[in-house]
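Visitor: Supplied in structure tokens, the structure appears directly below.
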Amino acid sequence: INDYLIINAPHVAYVYCGTRKLAILPICTTAIDIQYKTSSPPNLFYKGFKLYFEWIPKPIDLVCPGTSPATTMTSVNTTLPIWAQNLQISPIFSAHVCLGSSITLQCPRDSDYVLSIVQSMYGVTATGLCENPSPADCLQEASLGLTCAQSCYIGYYIPKPLVQCQSKNADYILIDYQCIPMRLPNNDNTIDICNSTIANTIALDTVMMMISPQYPTLDGVHNCSKTIEASPNKRWMISIVDLFLEEQSHIGDCDVSSLTIVDEKDQVVMCGLRQPELVMVTYGNIVEFKFISTHQALGYRGFKVYAETIMNLSNVTISTMTTTTAATTRRTSPPITTFLPVSLQIPVYGGTTTNNGTRQYCKFPFIYQGNPQSNCLTVDPPIPAPGEGVQEPWCSLT
């Protein structure tokens, strides 16, 4: 991108180019950094930009970092759960918001956690009314484009017709979310990936936080890496806390600036702006992080990555059991120790990789023989399983 405008606040950044006319949601901050860059030749056709902004009273539904929300549908008890007391990654929680209403999701100890949206789905019930989500409901993936930090406000006020549900309007939005720590227990130091005074291979057995140089400011040219090694009976569960690098090129490569995570069987390459999320569960106990930045670029934060070890269990099976309340659900199974690495996930039609080697996951619901499927199937597997009568579960990417 040759010309762009960046509006950078402490917990969110907006990058604009092209033609835009919009109103940005209120931002909780006392200072905003506005950066403007043009490197294209003069052109009378383009006008530049004009911004209007003003101080306003804080809206009641806006939750500022470090403050308690006025109302929330997420239970935050006075007694913190064990995972929050120990500054560990949380289980996956679920919540749903009905048509005509809104919800604010928030983690306990919000100043120490970021909220990650794992999945969002539109749902249609059999009765046409907003009820607790059921496996029998028709679901369709929702691309909400949410930008969440310590909390997340979600409103559903305009009916959404679903192509995969006979064009019926969605009765609710189902959101799966997770809380990812922003710091280590006991204020342990983070690892600077380019710190030359630290060994290139580091032995750790519990948790790890890694950052780019000078985070949250990205400057200079870098090409560095660090390898993390745990005990042989463990593997790493790796999550993005924050990642804001230059976007991929017009051919889809992250060749200007990128973070690459590599284990013995899988690789994830990331650039651009990424929301907090779980990005990899490693196959083994060793994982390498590679960071490149080829030139000076203003307005980018770099990255912060959180990782913790889990037991390397064999013959793990995945099941789902939920306990439902009025609007929120906590998945009590599987626990974090039963996550499978990407290499061992259920097979999908069309293979498990794209042309550039990036792993893909199952998509629910998917269409098989003209019918939407919300769970894995055991009929007509794409790869016949060995052994008479054995049917391995499978799903599809589409």
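Cβ atoms are placed via backbone N, Cα and C, with glycine included.
What TrEMBL records for this protein is below:
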- Cys254-Cys271: disulfide bond (DISULFID)
- 194-310: domain 'CUB' (DOMAIN)
Visitor: So among the disulfide-bonded residues Cys254, Cys271, who's got the most Cβ atoms within 10 Å?
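Guide: Of Cys254, Cys271, the one with the most crowded Cβ is Cys271.
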Visitor: Can you give me the average pLDDT across the domain 'CUB' (194-310), rounded to a whole number?
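Guide: Taking every residue of the domain 'CUB' (194-310) together, the mean pLDDT is 88.
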